[in-house]
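Novice: Below you will find the structure I want to go over with you.
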Amino acid sequence: MRALTNLSQIATGEGRSFLSGERQADVKVYENHSILIHGGRIAEITRAVPPGVEEIDCGGGVAVPGFVDPHTHIAFAGNRVQEFYMRIRGTSYLDILRSGNGIYRTIRDTVNADENRIFKETISRVWSAVRRGTTTMEMKTGYGLDQRGEEKILSAIEVIKNTGPISVVPTYLAHVVPQDVQENAYVEGILETVKRNRQRISYADIFCDAGAFSPEASRRFLEAAIAMGIPARIHTNEIENVGCVKKTRGLPIVSYDHMIHFDDADLDIVKENGSSVTLLPITVFALNEAYPDARRIIDRGIPVSIATDISPLNMNDDMIFAMHLAVRNNHMNAEEVLNAATINPAASLGLAEKKGTIESGKDADLVVLSARSYDEIPYLYGLDIVSMTISRGNILYSRGDHGITDTSEA
């Protein structure tokens, strides 16, 4: 047994399911307690550490649950640096896509890479996320286009899931329709790939938006995946509102992701479907779009998660930066974003029984931060405040100096 000691504060949501509405802001705070860890799980939150227990001095910092990143495109090869400058000069996302670049560029790079290269580039990014406090990550396919390419990405994800440092949730993503290919025929093909790999994936996802799949094709794909017993997610309303949410009425979709452009009727359907919303504020930052108002979603009783959406478009794996943007621009408070980065995404990924909160019996997935209080986390977004990342009781990253970041004299 070991104990995390000298913690000024432990802050966590509670429970084994989504927190929504007013409860999304419920955070339990322990002052000057220790966390006992045994067998990779949280044994107890206590004031008194038993004798003979290995003590890990946390330097007066704050412990929160390990961050759960529920939406990533981290598995790919290559980069899109030229597109970054094109967007800065005013070229739109859709114009880049229609020219055969954007997602199509990454598809070409990834299809031409072998599995080992995809693995090496991806695991490097995973370790970067670990240093920023992430202990669980959803990873999508989507850059392979055909069965062979998607299975190559999925194999790289599986290696990371089985041998890597963090918990991984594989998702099959129907990303875009190949140029000069008929949409209905392509959907038939990808459904065969999903069927062939249904034991290897935890979720099925589709990008329903301008320049991607139509609402009709998206519903067909989602219905088929659900019929196979695969839970469904959806990318939607990122570029435009083309009616994707309305087309999903009655489907048990776990999470509607992006949701930049929505109306009240869309939120009614999300609520009726018993679904959640995952906001991706770093992507909005990268696209220089207007941020959606999370208050409209939370106040309807819909649970909200946040994610990094790390991808070649958005090379950022920092959940703390996502929390900062969600407070600053999506109008969430410190308590809501803490739960949006921990328990709610854990519930979104079907892991809330064992992850997402600091409670006895759950996995010891923890982040120790050089702060005095959890509400400083979004505020200190630009500083190196992650002092320790722990996954299932194993210390994955330790900065060594666990001292408090002092901003009191500024």
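Using N, Cα and C of the backbone, Cβ positions are placed for all residues, glycine too.
The shown structure was predicted, so the numbers you read here are calculated from the model rather than taken from an experiment.
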Novice: For the Fe(3+) site that Swiss-Prot describes with His71, His73, His235, which of these is also annotated: Asp146, Asp299, Asp309, Asp317?
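Specialist: Candidate listed by Swiss-Prot for the same site: Asp309.
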Novice: Can you match one of His38, His175 to the 4-imidazolone-5-propanoate site that Swiss-Prot gives for Arg80, Tyr143, Glu238?
Specialist: His175
Novice: Beyond His71, His73, His235, Asp309, what residues of that chain have CB atoms within 8 A of the centre of the Fe(3+) site's CB atoms?
Specialist: Thr72, Lys140, Asp257, His258, Leu280, Thr283, Ala307, Ser311
Novice: Give me the non-local Cβ neighbours of Glu238 (4-imidazolone-5-propanoate binding site): same chain, 6+ apart in sequence, Cβ-Cβ under 8 Å, ordered along the sequence.
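Specialist: Correct list: Asp209, His258, Met259, Ile260, His261, Thr283.
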Novice: Just counting, how many other CB atoms are there within 10 A of the CB of Asp309 (Zn(2+) binding site)?
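Specialist: For Asp309 (Zn(2+) binding site), the 10 Å Cβ neighbour count is 29.
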Novice: Starting from each candidate's C-beta and looking 10 angstroms out, tell me which of the binding-site residues His71, His175 has the most other C-beta atoms.
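Specialist: Answer returned by the neighbour count: His71.
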Novice: What's the longest C-alpha separation between any two of Arg80, Tyr143, His175, Glu238, the listed 4-imidazolone-5-propanoate-binding residues, in angstrom?
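Specialist: The two farthest binding residues have Cα atoms 19 Å apart.
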Novice: Report the same-chain neighbours of Arg80 (4-imidazolone-5-propanoate binding site): residues 6+ apart in sequence with Cβ closer than 8 Å to its Cβ, ordered by sequence.
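Specialist: Sequence-distant Cβ neighbours: Asn101, Gly102, Arg105, Thr106, Pro312, Leu313.
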